[in-house]
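J.: My structure is below; once you've seen it, I'll send some questions.
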Amino acid sequence: MNKYNYMENVLQHINANVISLRDDEIKGNNIILKEILNIIIDKLKTKNIMFRKMYTCIFFGGSYYDGLRVGHPNEFDLDLLLTLHNLTKPIITKANEPGYVFLKLGNINNFLNIDDFKMYKQLSNLINKNGYLDVRKVLSWFEGIVTSSLNDIKEGSIYNFQIKGNTYKGTIHKGGPAFTLKIKGPNGSNMDIDLVPCFRFTEEHWPQGFKKSTSQQKSFFIVPKPLPDSTKSHYWRLSFQEQERELINNKGRLKPALRLLKQMRDTLNHHRIASYYLKTVFLWQVEEIGVDQSHWNSSLSYVFVCALKRYKEFLDSDNLPYFWEKKNNLLSGLHEDTLKNIRGSILKVLTDIESNNKDPNAIVKYLLTPEEQKRIMNGGNPQQSANAENGSCLSM
């Protein structure tokens, strides 16, 4: 018998009534998002011939489309996937920064001298003197074509998107690899859309030194995430989002448990722990558990506590290895005092779980703020109002 069943209904209630996204919000925001993206992509393809040639599709990434979003469905991470012509002879090699690679265009000069490929001439402005694709130059190029393409809908610093008779006002903000389009709707709704230009490669370019995927998804992305050192502007961050999505899909209680862990992170103010770190805990669990689905089909309380304990083990070792390259410790950038405080908090949570096994509400203070507790838990006894099916993850 699962000794954590005493808090099962509480976890189900919180997952269903606090964490899970509202269907009406999801549907409404998806309609608006699709219309805005259609406008942007059409204008980019019309105004820039090289973008039109390289663009393939949008990858809808991030926690929202992984079914892991906590809160409101108003933040979207979108990768605009670009491809390079084979005749440029792209060569990907591992960089000396963990998680990064170099991309060299081995035949770029000969390629650009072919009359049929003159539309790619802007590529020569995106590489450094040694033929490596430059992150900052690519981001500058992308910023330029976005702003110039949207000029005809711009008034001052505001971009006006006309959708189904309504005006949605947008502003563009830069941060890291993303250009964030902040949208304000006529009804007061807000939406943040992160657009990132990424390059997509097939399996034959899989970089050495990174774990080989057994996934059905064989392509991977490189992301223009700049390093602080300006001399390293040809370092590209690897992204295996398609493989990770496949690994965590169809795993029973995995997604509800991960959403609970993210909710706990937010409630405890562990802001230095990125959502991707928590996702990585589950990626390692998926590999360690293997093909047996019985673990993920167990109760939500059991799957959640097992993940919390595994998370604590990583914290205790001061090492959370990047799933695709074990030598890359995701916790290396955290100060020891920060890690010590986080370890202490998680130990206290686990101690309360083990010692208060007759109090199903003992876990609540770690998952809900005082305001959330009043708003949600006063609606009725969670032991009676929730059932096991409320924890089902949302599919997109």
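One-based numbering along the chain as shown.
Even glycines carry a Cβ here, placed using N, Cα and C.
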J.: Write down the one residue from Asp194, Asp229, Asp266, Asp292 that Swiss-Prot lists together with Glu75, Asp77 as binding Mg(2+).
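T.: Checking Asp194, Asp229, Asp266, Asp292 against Swiss-Prot: the Mg(2+) site match is Asp194.
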J.: When you get a sec, could you say which of 313-333, 355-375, 376-396 is annotated region 'Disordered' by Swiss-Prot?
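T.: Matching range for region 'Disordered': 376-396.
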J.: What is the separation, in Å, between the Cα atoms of Glu75 (Mg(2+) binding site) and Gln241 (ATP binding site)?
T.: 17
J.: What is the total of other Cβ atoms whose distance to the Cβ of Asp194 (Mg(2+) binding site) is within 10 Å?
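T.: So the number of other Cβ atoms within 10 Å of Asp194 (Mg(2+) binding site) is 19.
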J.: Among the binding-site residues Leu278, Val286, whose Cβ has the fewest other Cβ atoms within 10 Å?
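T.: Result for the binding-site residues Leu278, Val286: minimum number of other Cβ atoms within 10 Å at Val286.
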J.: Hey, what's the Cβ neighbour count for Tyr276 (ATP binding site) at 10 Å?
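T.: Excluding its own Cβ, Tyr276 (ATP binding site) sees 14 Cβ atoms within 10 Å.
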J.: Among the binding-site residues listed here, Asp77, Glu287, Asp292, whose Cβ has the fewest other Cβ atoms inside 10 Å?
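T.: Least crowded of the binding-site residues Asp77, Glu287, Asp292, by Cβ count within 10 Å, is Asp292.
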